[in-house]
Each structure stands twice: as C-alpha cells, then as structure tokens.
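Enquirer: Quick one: the structure is below, and I'll ask about it shortly.
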Amino acid sequence: MPYEIKKVFASLPQVERGVSKILGGDPKGDHFLYTNGKCVILRNIDNPAIADIYTEHAHQVVVAKYAPSGFYIASGDISGKLRIWDTTQKEHLLKYEYQPFAGKIKDIAWTEDSKRIAVVGEGREKFGAVFLWDTGSSVGEITGHNKVINSVDIKQTRPYRLATGSDDNCAAFFEGPPFKFKFTIGDHSRFVNCVRFSPDGNRFATASADGQIFIYDGKTGEKVCALGESKAHDGGIYAISWSPDSTHLLSASGDKTSKIWDVNVNSVVSTFPMGSNVLDQQLGCLWQKDHLLSISLSGYINYLDKNNPSKPLRVIKGHSKSIQCLTVHRNGGKSYIYSGSHDGHINYWDSETGENDSFSGKGHTNQVSRMTVNESEQLVSCSMDDTVRYTNLTLRDYSGQGVVKLDVQPKCVAVGPGGYTVVVCIGQIVLLKDQKKCFSIDNPGYEPEVVAVHPGGDTVAVGGTDGNVRVYSILASTLKDEGKLLEAKGPVTDVAYSHDGAFLAVCDASKVVTVFSVADGYSENNVFYGHHAKIVCLAWSPDNEHFASGGMDMMVYVWTLSDPETKVKIQDAHRLHHVSSLAWLDEHTLVTTSHDASVKEWTITY
C-alpha cells in the first residue's frame, strides 16, 4: 500500500448559540460521539487523539446515538434521513436507512434491546416517529405537541415509557409499546430542551430554557421535585446527563456553568464555572463511567474535575469551522502543525501526540487565508481582516506589535530570507521588510492570486487568474518585473518552489500541475494530469523529487518529478470535502487539511 492514514486530528462539535448539542455515549463507556457538518466523529474518551470520522450523510448531521448493544449507531440529518450503521468494522457498513419525516432530526432514542427507535425533530407533517429498527414498521405514535420536538428518551427497563420535550414549553409522557400518548406535562414556562430517563428507569428529568429542572417518576410520570427549588441555573439549561448509578445528574447551562446534582436530597454537589466569555456557555454534557464532559459554545470539549470544579482536567481544542490553510515547523526537536480556519482561529498541534492548543491573546477576526514560517521563527499569517500578523512561535502569543494593516484584503503570503515578506492582495502586490511596508505594485494589470519566494530570496513568482505566472526580482527593497511570463493551463491556484530552488510547480483550475525548471530560464519541465476537479494546493516533499497536490475532487496525489506516471493517489482523503491545504513533516509524512475541519497525517511509501 503506497499510503496509509497515520493520524486523524478530528474536528470539534459544530455548535450554535441557544441550541443544545447532543454528546452520545458508548454503552461500554470507551467512546463518545458528536457531529460536525456532514461528519459523525467517534473519539476514544480516555485518549481523544484516537478518532474515527464517519462521512456518509449527504446533508448536515445533527445527532448520533449508539444502540445499547454497542454494535450499531443511528445518525440523523437535517433532511430527515436516519442511517443505522455498523460500529465494529472500519468501513462502517450501512445496515438500514429510513426517512421517518421530512425535516431536521433533533434527537434519537433506542429501547434497551436495540430493537426500537424513536426519532423526533421538526418534520412538516409530524414531529416524531417510533418504529422497529429492522423493518421500519411503526410501533406507536408521537403526538401531543404542536411545535418542534427537541428531545426524546426511552426508559431502559420494562415496562417501557417514552418522554419528549418540545418548543411548546411542554413535555409529554407515553406508554407502550405500541407507544400511546398519556399526558402532557406543563411545568416549564419556556422551551423544553432535554428529557432523560435515569439508567435504572425509576425517574426522568426535564430541563428547559427557563432555568428549571424537574424530576418525575419514571413509571407513572408523576412529579417528584424541582431541582434547586425555584431555579437550577441562572440561564437556560441545554443538556442533562444522569450518572451511571442514577443518583446524580449533570446539567449544562447558558449561564456558563455546569452543575452536579444529588437527586435524592435535591442539592447541588458541585458547580463548575467555565468562564465569563459568551463562548463559555455550556450547550451539551455527558456522564460516562468516571468521565464528565461538557461542550462550550466555542466548540471546546471540557473534561470536568469533581475534585477541583474551578479547573477542567483537560480541554479538547481544535477547529469547528473549515480549515483554510496549514504550515509545519520544527521547534525544540518536535514537529508542530499550525492550522488556520474560516473563523480566524489558529491552532497548533504536536504532530506525534495530537496535543494541541490555540494561541493566547486576540488574533485574526476573520478567515485565515495563508500561513508560513519565516527565518526568525515567526508564524506569518494573512487574513480577510486585512492584516498580516507575525506571531512568535516560542511564546505563541498574539502581540499588538506584529500586525501590519493593509489597504486591501490579502489573499496569499510568502516569506524569504532577509526579513522580506510578499503579500498578494486583491489587485495589489505588497513587499514588506522587517514587518514594514516598503514597496507595492498597485494595478499590476492582472488579478494576482498566489505567490512564492525562491529559497535564494531574490526571485518572486506570482500566479494570476489570467493563467500566467510572472517572475519578479527583489532589488533594494523593490519588486522589479523581469518580463517573464510562464503559461499555466488555466487560472493559477497555487505556486511552490522546491526546497533546493531548482523547480517551480504551478497548479491551476484546469486540473493540471505544470513544473518549470528554474535553471533553464523557467522552461517547462513536465506536466501532470490526474485530478478530476480544480486543484487548490501544492507542497514539495523535502526530498525535492516528489510533490503533493490536493483538489476539489477530494483527492490528493503525490507525484514523482522525473516520471508523471509514477504517482500515489489518495482517494477520498477527506470524504465529501475538498482538500484545502497540504504540508510535509518529513519525506514520508504528508499532512492534509480540509473543509471538514479535521487534520490528517499520511505515511507515503514509494
């Protein structure tokens, strides 16, 4: 096998303000799962760096839940499709697919024998359905609500009971199977966001945007108590999760705290303050074995510490929005990956362990378009917020100093020796020296798109939407057009010099990579065909003999310079999402990022 996946650094959950996010637990207690875009992400709870991504939904997935048997997962998307798929094999084969209603699926519940499934959401003609998992035959009706149903749960002991919570401020109670509506519960004054039965089936709890949690008898549906008497939280409550022994309840709220409740004596055991920023609102939670997890509005997953509520044991960071660019850098004997996303967030990853964090301080406020590392160990990034930032990679702290404000929006940045940085903006090429603007070409006569600086530092290649690459010289802090026009096969999407400076690779929107030989006056060396859609990124291997290209066809090719027929093809590198950026950690390790917000490492063998 010429390639194999080495590491997957998964995306964070996709979250929305004021909407609860469901974390699904694995009955064995080893994994947890959540959704982002069209992906379902399964992670090991003890070592979250171990992840698996399921990408077979055609639409955005909202919720995924393990069957109590642990052998299958049911996942539902915004179109109303429910897919039931195998968890035991890497291929995740589809077992059944149903369309219980047309509209967003918001929650899923299984009976303890893994034979029946309840699905709720915002359908057009009904808000819920309950059916047999293998035939799809109905085993009851979910009625009694006149607005979207947000949550459903089924008692895990016989006799079965089913409870729902809705935007009509009510919960509803059902007996079955076949499940029949018994009564509505009108104790809440705002949307009911979450209903959950305790594992032993004796009680169920409802949580609402009014900040209250009510406990009811699991068999009869009679009210037992309100947690915290009048109010459980100062803000809306988005999620609740029972402890495995059914005595305690974990709650997550918009008041930026999570709490553990002792349900038997109706008191708070611990309060976890998560911060003061709006991004610290808590939208989801999960209690699995000894692990207490919560999701913040930032998308971060917090491992809560019962012994020290003020500080989480660990926080899983990463990206929840599409990654636009990446670069790699060795620091203190370790290789780090830096990735920048659509929301301006830059994250750094230890390439071996997957340990990661974001820079401290206030950084870019809009999409990070391109990043590279200069000779003084600074990360140079350009963003749609019209700035170029220089960030010290030892301190990893955004400072107020290293920011250059530009007149127009930058699209690409490249660095060379001597403190030079070349920035391609909309209709402008800017030369910076030592973080100061020293020269610019306004109205170059074409639309520049991408830029690369020769390792020697004296030459700059700029690719344009007109399908040409122009070569400039850096002379005494100015850019001089050498009058050299290199023709690509279509609008240029990326340019890259090999590390020894001998070759320039150019990729274009016409699905072709052209390599020019620098020493022979930029004569055409070879042309590489294979992609089925626009190529968007290029990266040279440190051996200068191979280079990789990634495109909108979800494919990555690793090409051999001397022979275009000898290539490694990584099909579906990021399934259903196009590859956005590439970089090499060493001669045999390639890193790819994509709009699915994940980072992957591949081992390439020739």
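Cβ coordinates are placed from backbone N, Cα and C, and glycine is handled just like the others.
Small disclaimer: the values here were computed from a predicted structure and weren't measured.
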Enquirer: Among the residues TYR96, TYR238, TYR497, which does Swiss-Prot list with the feature phosphotyrosine?
Expert: TYR238
Enquirer: According to Swiss-Prot, which residue among LYS104, LYS182, LYS321, LYS480 is annotated as N6-acetyllysine?
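Expert: Annotation hit in Swiss-Prot: LYS480.
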Enquirer: Considering the residues LYS95, LYS405, LYS489, which is the one that Swiss-Prot annotates as N6-acetyllysine?
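Expert: Going through LYS95, LYS405, LYS489 one by one, Swiss-Prot flags LYS95 as N6-acetyllysine.
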Enquirer: Hey, does DSSP put LYS28 (N6-acetyllysine) in a helix, a strand, or just coil?
Expert: coil
Enquirer: Short question: which residues 6 or more past the ends of the repeat 'WD 3' (93-135) have a Cβ under 8 Å from it?
Expert: 22, 56, 62-69, 71-72, 74-86, 141-143, 145, 147-154, 156-157, 160, 162, 164, 166, 176-177, 179
Enquirer: Please list, in sequence order, the residues in the chain of LYS115 (N6-acetyllysine) that are at least six apart in sequence and whose C-beta is under 8 Å away from its C-beta.
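Expert: Those within reach of LYS115 (N6-acetyllysine), by Cβ under 8 Å and sequence separation of 6 or more, are LEU132, TRP133, ASP134.
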Enquirer: To what whole number does the mean pLDDT across the repeat 'WD 8' (311-351) round?
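Expert: A mean pLDDT of 94 is what the model gives the repeat 'WD 8' (311-351).
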Enquirer: Which has the fewest other CB atoms in a 10 Å radius around its CB: LYS81, LYS480, the listed modified residues?
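Expert: Counting other Cβ atoms within 10 Å of each of the modified residues LYS81, LYS480, the minimum falls on LYS480.
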Enquirer: What parts of the chain pack near the repeat 'WD 13' (566-604), using Cβ distances under 8 Å and only residues at least 6 beyond its ends?
Expert: 2-12, 36-39, 53, 55, 318-328, 335, 337, 339, 341, 349, 351, 528, 530, 533, 536-543, 546, 548-560
Enquirer: Establish whether the number of Cβ pairs under 8 Å between the repeat 'WD 7' (270-306) and the repeat 'WD 12' (523-561) reaches at least three, counting only pairs separated by 6 or more residues.
Expert: no
Enquirer: Going by DSSP, how much of the repeat 'WD 4' (138-176) is helix, how much is strand and how much is coil, in residues?
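Expert: Secondary-structure composition of the repeat 'WD 4' (138-176): 0 helix, 19 strand, 20 coil.
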